[in-house]
Structure formats: C-alpha cells, structure tokens
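Listed in Swiss-Prot for this protein:
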- 27-47: transmembrane segment (TRANSMEM)
- 71-91: transmembrane segment (TRANSMEM)
- 93-113: transmembrane segment (TRANSMEM)
- 134-154: transmembrane segment (TRANSMEM)
- 168-188: transmembrane segment (TRANSMEM)
- 199-219: transmembrane segment (TRANSMEM)
- 239-259: transmembrane segment (TRANSMEM)
- 262-282: transmembrane segment (TRANSMEM)
- 288-308: transmembrane segment (TRANSMEM)
- 337-357: transmembrane segment (TRANSMEM)
Amino acid sequence: MLYLLTAFSDGGDIFNLFRYLTFRAGAAFFTALIFGFLFGRPLIDFLRRKQGKGQPIRDDGPTTHFAKAGTPTMGGLLILSALVVSTLLWARLDNPYVWIVLLVTVAFGLIGFADDYAKVKKQNTKGVPGRVRFLIGLLIAALAAIAAAWSHPPDLTLQLAMPFFKDALINLGWFFVPFAMVVIVGAANAVNLTDGLDGLAIMPVMIAGTTLGVIAYVVGNFNLTDYLGVHFVPGTGELLIFSSALVGGGLGFLWYNAPPAAVFMGDTGSLALGGALGAIAVCTKHEIVLAIVGGLFVTEALSVIIQVLYFKRTGRRVFLMAPIHHHFEKKGWAEPQIVIRFWIISLILALIGLSTLKLR
C-alpha cells in the first residue's frame, strides 16, 4: 500500500525508498516484529480469559505435557494479524502472487481457527472432523493452483521445475493443478503435525520462509535467473515482502512461545503457515525444493502415515508414538533437546535448498 507513495517522489526524497524491494522487505519484517511485541501480551491475556482451561491435552501423550494444561491456544492469530497488516502495508497490491499467498494463508487460518474453537469449546482434542478440514483445504488449494497457473508466464503455466538442472522443466499438463493442491494441503498439514512442542514448529517455518523468500527474490529477478540458469517468473520477487513479514511475525510469536510457552499457535497458526509455504513454492515453481527445505515437516508427516499404515496391517507400531518428535520424547529426550536439534536439522536443509539455485 505504501508503495503508492512513490508517485509523489521526485527521486531524492524518502518516498523513493519505497521503490526498493529490499527496503520494503526490511520494513515489513520490523513492522510485523513490533506488532507481535506490542499485541502479544494483550492477546494472550484475552485468550486466557476467553478459553478458561485452554487447549485440551491428549490423555495418551507424554506425561510431561500434562503440566501444559491451561495454556491458551489460537496464538496463530498474533502471527496472522502481524503478517497480514505488514504485507498490506509494504507489498505492491497490484501483484497477483501476493494476493494468492495472502488469501491462502488467511483461508487456512480460518480452517484452523474453527478447529481450535471446537476443541476449546468441547474440551477435547477432536475439533472439526478431519475429512471436512481436508476437503475445504483441497478447495482452497485448487483455487490457488488455478490462480497461480493463470498468473504464470505462458511458457511456465503447467510446468514443474527440476532442481539441480539448468532450465529443466517437465510439462505436467493439467495434472499441475492436482499436484499443486497436494503441495499446498500437504504443507499445511505437515506443519500442523510438527506443532507439538514449545517452539518446535515456528522456527523451522521461519527458516523455510526465509529460504523461500530468497528464492522468490531470485526467481523474480531476470539478471539473477539468467546468471544462475533458473526459470524467470516476473513478479514473484514481491513475495519477499510476505516472507519477511512472516519471519517478523514469527519472531514476535516465538517471544511468547519459547519454553515454557505462554501460548500455543494452534491450528490457527500451523495450518495457515504451512499453507503459506506451499503457496509460495507453487507461485515460484519450487515445489520440489520445498520438500527439501521443509524436510523436517515431510518427516513428521511421513512418520504419522507409516505409523498408521503399519499398525493397521500388523497391529504393531514402528514408533513409540507419532509424530516422530513424540517418539523421541518417549525415548527420554528432553523437550528443549528435541526442539533445538530439529531447528538445526531445519537450518541444514534450508542451506541445501538454497544450494539448488547454484548447483546446476
């Protein structure tokens, strides 16, 4: 929105700064961060008053989690509000990719909010039926995939870009739409499954968001794509604003979510942030790289799938408990130990993902 002030610039005043993507990205980061610091405590106090007993704790989970009873959930509202406000202030609102990612984020956030509300109201861990959440998510992802395909250049519309190869594209035809749907819905649910320990999900989300923001900037810059041999998608650089706001809002939330957490992000935050990562990957044509950068989320989701399928077939479990972070809890790992080690893994995977821009 503030980009419009460049119309009043004579080239030598402060308004001219708004032309620069990197300046607006930095401003978006600090806007979201300050928003989180300012409104975090009032929101937590409000949620605690409204929710009473807070988020229900699973009876079959690790016994250490019982001490978390009474902690309010829906803290994702803080991240979402900071993210949306900052993006609307600093991004170019005539950019279709900004709106695609922003609307996907808000839509998945609403699904998560409904689920969190149902859990708190009923005081159980069921919430909205999984099938309902899944179908609504598929609908949102389908609309986003079609909008992204419509916005992409004609030579990229239905293509899948392959990392590690210069200008390597595979024509998926209209299979691109269901593929993109799987990416967005899969990312949303994978982050949701990862959000089981204080601070566990938000840092890997910020690391992945930073990585995808850099990728969006590169992919949207013709000179950089020409040098690196990466496909050029005009306009995606503006997603750096969104990613910067995501990281700023995430840090503001982590201030209150650090162990012992004063608030949980809930499905409101995890579904929204996962959907956002998936949408950015689809818009930038880096869906496969997302699987690398978000490898921690993929592992968490696969651990649940493997556990369920193996148990149905044999009546036995592969892991002591799924998702896999609970397996390590059952093995006696301390919660901070699991969280920090998973953060380190996420950082390593992000560096590998970034290397795909050069290793071609």
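Cβ atoms are placed via backbone N, Cα and C, with glycine included.
With Cβ pairs under 8 Å as the measure, the transmembrane segment (288-308) is packed most heavily against 337-357, out of 71-91, 134-154, 199-219, 239-259, 337-357. Packing against the transmembrane segment (27-47) from elsewhere in the chain are residues 72-75, 77-79, 81-83, 85-87, 89-91, 241-242, 244-249, 251-253, 255-256, 262-263: each is 6 or more residues past its ends and has a CB under 8 Å from a CB in it.
Outside the transmembrane segment (168-188) by six or more residues, the chain places 104, 108, 134, 137-138, 140-142, 144-146, 148-149, 156-162, 231, 270-272, 274-275, 277-279, 281-282, 287, 290, 294, 297, 301 with a CB less than 8 A from a CB of the stretch. Away from its own ends, the transmembrane segment (93-113) comes close to residues 1, 3, 74, 76-77, 80, 83-84, 87, 128, 133, 136-137, 140-141, 144, 147-148, 151, 184, 188, 192, 235-236, 238-239, 241-242, 266-276, 278-280, 283 of its chain (Cβ-Cβ under 8 Å, at least six residues beyond either end).
Within its own chain, the transmembrane segment (134-154) is flanked in space by residues 96-97, 100, 103-104, 107-108, 111, 176-178, 180-185, 188-189, 232-235, 271, 275, 278-279, 282-283, 285, which lie at least six positions past its ends and keep a Cβ under 8 Å from the stretch.
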